[in-house]
Amino acid sequence: MAGATSPESGAFVSRWLPPLLLLLFLSGCCSCEAVEREMTLAMIKPDGLSGNYTEKIKTAILGSGFHIVKEIQVQLDAEKASLFYAEHSGRSFFDSLIKYITSGPVLAMVLEKPDAIAQWRALIGPTDARKAKTSYPNSIRAMCGLDSEKNCVHGSDSLESAAREISFFFGDASLETVEHDEL
């Protein structure tokens, strides 16, 4: 008869099909998740900390599906700040930027989620907080920034920048998840 199976083939299918399906399911899920997740650096600048925006910013971060993997609050000196912003060293605003970023502590965080870099940059909005207030009114910079310098937060712009900036604040140590039940 067409379509009939022997008892041996039925036993083979019932024995091997469930483990094969489980293996396919797990390998598909795990490999997709590993490829899609990325990390980025988020920094709350001195005006964000002094303006008491930390809780609002963390609420926006967690509400947008990010995981805060690690965080550290530090006071940058002029030498460290100059290293962090080295790509801007030839620009006219460099000295002002260094003075501003060293005016108080910053909170550096490693954020993780699929497409973290683009998602974080979308959440923070345009560099100029004045433009953010009109064109991206729900962004973090619209919420707490003042202008293109005092814009409350920083976000890595590429995978390479994220790796460099995370290493700048956290070194090469393994990143452990930090639980954030309370903000």
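For all residues, glycine too, the Cβ spot is worked out from N, Cα and C.
Curation does not apply to TrEMBL; its annotations are automatic.
As written in TrEMBL, here are the features:
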ACT_SITE  HIS154  active site, pros-phosphohistidine intermediate
BINDING   LYS45, PHE93, ARG121, THR127, ARG141, ASN151  ATP binding site
DOMAIN    37-177  domain 'Nucleoside diphosphate kinase-like'
SIGNAL    1-32  signal peptide
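Most buried of the recorded positions LYS45, ARG121, ARG141, ASN151, HIS154, judged by other Cβ atoms within 10 Å, is ARG141.
The sparsest Cβ neighbourhood within 10 Å, among the listed binding-site residues (PHE93, THR127), is found at PHE93. Separation of the C-alpha atoms of THR127 (ATP binding site) and HIS154 (active site, pros-phosphohistidine intermediate): 9 Å, rounded to the nearest whole number. Note: the Cα of ARG121 (ATP binding site) and the Cα of the residue listed as 'active site, pros-phosphohistidine intermediate' are spaced 9 Å from each other. For the pair LYS45 (ATP binding site) and HIS154 (active site, pros-phosphohistidine intermediate), the C-alpha distance works out to 7 angstrom.
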